[in-house]
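Pulled from TrEMBL, these are the features on record:
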REGION    47-73  region 'Disordered'
COMPBIAS  53-69  compositional bias 'Low complexity'
REGION    476-496  region 'Disordered'
COMPBIAS  486-496  compositional bias 'Basic and acidic residues'
REGION    540-560  region 'Disordered'
DOMAIN    554-631  domain 'UBX'
Amino acid sequence: ACTGIENIDEAITLLEQNNWDLVAAINGVIPQENGILQSEYGGETLHGPAYGPTSHSTAASSTPSSSSAFRHVVPSRQIVERQPRMLDFRVEYRDRNVDVVLEDSSTVGDIKHILENELQIPASKMLLKGWKTGDVDDSTVLKTLHLPKNNSLYVLTPDLPPPPSSHSGALQESLNQNFMLIVTHREVQREYNLNFSGSSTIQEVKRNVYDLTSIPVRHQLWEGWPPSATDDSMTLAVSGLTFPCHRLTVGRRSSPVQTREQSEEQCTDVHMVSDSDGDDFEDATEFGVDDGEMFGVASSALRKSPMMPENAENEGDALLQFTAEFSSRYGDCHPVYFIGSLEAAFQEAFYGKARDRKLLAIYLHHDESVLTNVFCSQMLCAESIVSYLSQNFITWAWDMTKEANRARFLTMCTRHFGSVVAQTIRTQKTDQFPLFLIIMGKRSSNEVLNVIQGNTTVDELMMRLMAAMEIFSAQQQEDIKDEDEREARENVKREQDEAYRISLEADRAKREAQEREMAEQFRLEQIRKEQEEEREAIRLSLEQSLPPEPKEESTESVSKLRIRTPSGEFFERRFLASSKLQVVFDFVASKGYPWEEYKLLGTFPRRDVTQLDPNKSLLEVKLYPQETLFLEAKE
């Protein structure tokens, strides 16, 4: 309301450029002497462009160019807020410097996300250093760091390999590499995966995209090219693309007439609209003259792209281009065209449940007919027609302009509707197009209810669509009744089959449960026997591996251990004081008490000997000259 901007995309772009600061965005469009106008409403200061008659005169006197875009509006609520403090950061990474400007309410993570777009390095791989207050994390708010206005930081990437030392060798290697460009066609929301060698030029990429999208190079508007890609003759190897995969977006220029200042105000990641060899009259737009108007011909007629590519291999791709071109010519308010083959449209319209079936409307377009523009713009794009078609029809389209596409449709028509309908369409003259075919699916065939020619009115078209719907509704009610009866019979049969199946399942489950129980008992018995045999083998092995028991009259230091079992029994043995504690564990295990299942506890002081280092000697763990231990089962 303040700026006069009615284009939503333009408004969102301005807000994004100002970090969604409404006041800064408005001041940028309607500049004032001090950047912020002051107005009194209830004793409070209103930041941003002032409202009301007084402020209108001020704006008009200070900036004549902005007065035409200013409207007198009484605001629904006042905008009262503190101007944010902006912080400048110069971030160094290897041989590059990146300037970042943010509000102090932003976080460290916001800086990393900006650097991720500029340096093409994942934020998770960055270490942002140079903070005067020590290390910070991504969630730290800049305001809490009390930073000066100008700051210097640097980025470390220890997880990424360093750049090659030889520039010429790296360049040659890049020229031999293949780049995968993922190009998104903005208008039709379709992605193309294109492979190019590093020696290919940007101009070659744009010409290839022209073959895919039918957008001439001079009308292509790109997003995603690196800032270093300033010349279309530059090779991909030196353009700064991300290897091996780089994402780009292309669309059609909304208006070919742009001033130099307007093009400079676009986002920094939007690449220049390229010139193309052989694109005539490019400079005419600088004088406000469109290409076609130089010859007294409408520019849209000169630049009109075909609705559908000739000899298209895939019907779905052809319908995508048809939809995009239809929208560019006649606007976004048009029938929703089914994207897919004619067979797929039949499946969608006729072969679902009876309640969900719809009529199939086939729109046959012809660019050379004098009725086409009027029929499309006034009939097909009428809101009442669009709404009625979307609710009751599946709409499929085809372009009959090219002879190859015409022959292809007549072949499909003969296969699906018969030779009579195909001959009827074949005999239609160019000026009788466009045609609108209303198809109803029946049990064994597809019936053409109506063929509507282009010389009709909105009311007549609506009446013929409604008449077709009456015929279809009567047929649909019969189909619904037959389907309900059939489903009822099938439900009874399913219930009987299900009851029988459940009975069989119960008997089988009972038998299987008995078999499983017996098998489980046998398995557990086998496991128990195997475990007993294994434990006995381990016990015998440990018993044989024990060193001989030293004699009482041995000259070496001997430790005498007395061990009490959980059942109250005792067994004694002598060990060399220099023996490792593991020897004691092995001795206890050889008696049937493995240390994995039992704890060996000391008495005074009470301690768990099994927690001690088994490689230490008995002397070191103070089990010398004698000690009484007892065994306790672990929980």
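Cβ coordinates are placed from backbone N, Cα and C, and glycine is handled just like the others.
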Residues of the compositional bias 'Basic and acidic residues' (486-496) by DSSP state, where helix covers H, G and I: 11 helix, 0 strand, 0 coil
Mean of pLDDT values spanning the domain 'UBX' (554-631): 89
For the domain 'UBX' (554-631), the number of residues DSSP places in helix, strand and coil: 13 helix, 29 strand, 36 coil
